[in-house]
Amino acid sequence: MKGVNMEKQQPSKAALLSIIPGLGQIYNKQKAKGFIFLGVTIVFVLYFLALATPELSNLITLGDKPGRDNSLFMLIRGAFHLIFVIVYVLFYFSNIKDAHTIAKRINNGIPVPRTLKDMIKGIYENGFPYLLIIPSYVAMTFAIIFPVIVTLMIAFTNYDFQHLPPNKLLDWVGLTNFTNIWSLSTFRSAFGSVLSWTIIWALAASTLQIVIGIFTAIIANQPFIKGKRIFGVIFLLPWAVPAFITILTFSNMFNDSVGAINTQVLPILAKFLPFLDGALIPWKTDPTWTKIALIMMQGWLGFPYIYVLTLGILQSIPNDLYEAAYIDGANAWQKFRNITFPMILAVAAPTLISQYTFNFNNFSIMYLFNGGGPGSVGGGAGSTDILISWIYRLTTGTSPQYSMAAAVTLIISIIVISISMIAFKKLHAFDMEDV
């Protein structure tokens, strides 16, 4: 890398010249970088005029002739080209910042790459890790960000069973879908019912599986327990069997009339609990009992993962801490509260939080166990539907409401992201320095 002469550069002038990308770099005597930036801009301008402009125009209008114009395809293609425009805008402002920063570095006597060879060498030495993650960012852009943008756009259209392209055109309707959730009594009632059950479900089911997982791990880690490997295998069985098989099996077991729970388990329990004698619990025909069954099932399905995670953490806690606590006269509860649980929380907090976010969107158990039933709460939602399964109903019913489903999807995303970020911040989930 070549040194830099002491000629002073003007950072503001370099930034101003970079209004045309590349000129600021050329001013800083980085001609190779400048011509590359200028070339990227020329290619983008040609692409924008030839390809992006027509598609972005179609994105705004969503077509004007039914049958010929497919509004949905126009929206998707427009979103695709919009990503490239956004990427270039980020590049454009980065180019201005780069010119300003390099000019300041030159004035401070810091060497900067001038030739193409120096640039390649600098990238290899300092930027090689970033080159390796570029494919991941590209994949993430089109596998995650692109669908999110399309969903966001659909939420602001009237895409439903009455407006199905290409026979009908879509129109931009602004916030109508979001306001309809609150203004239309059917959707307002359904949304309130589904949201409240979703929150109860996520909190109850996740907490249950975490408590069972931590409890079984602590018991299995006790020195007086014999046959730990056998217990380990038994505790892992719910994890080893595919979840959909377990859910379908439980669905049969909880059948009101012929299920094993009512016909075999309850008669055995009735010997110890007389009030259960002759009882037939309506597991799949009463919404309350269905919800209880769902929570118990998720506790069974989810605890093995927490068990394995917690057991690994417990085995890594130094015995010196427990010995010191014993000398200080601490009992078992004090050891757990002041040593065990803080260590588990410090290491596993991100994973524990993810259990709540996962169950908030746990579609499979709702769909496979009882199809969101029994009964309905209006708006196309079943009595045990959570938000994600309600979205499924909105998009696959006889009168699909795609735009409304997209609006609910965005609401889910906002709720989950907000709660997760608050939880991560409050628990200092990624602050591992003190562990």
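Cβ from N, Cα, C; glycine included.
Between the stretches 161-181, 371-391, Swiss-Prot puts its transmembrane segment entry on 371-391. Panel annotation: around the transmembrane segment (263-283), residues 254-257, 289-290, 293 of the same chain, lying at least six beyond its termini, place a Cβ under 8 Å from a Cβ of the stretch. Three or more CB pairs closer than 8 A are found between the transmembrane segment (294-314) and the transmembrane segment (199-219), so contact between the two stretches is assigned (pairs 6 or more residues apart). Sequence-distant neighbours of the transmembrane segment (404-424) (same chain, 6+ residues past either end, Cβ-Cβ under 8 Å): 148, 151-152, 154-155, 159-160, 177-178, 180-181, 187, 191, 349-350, 353, 356-357, 360-361, 387-388, 390-391, 394-395, 430.
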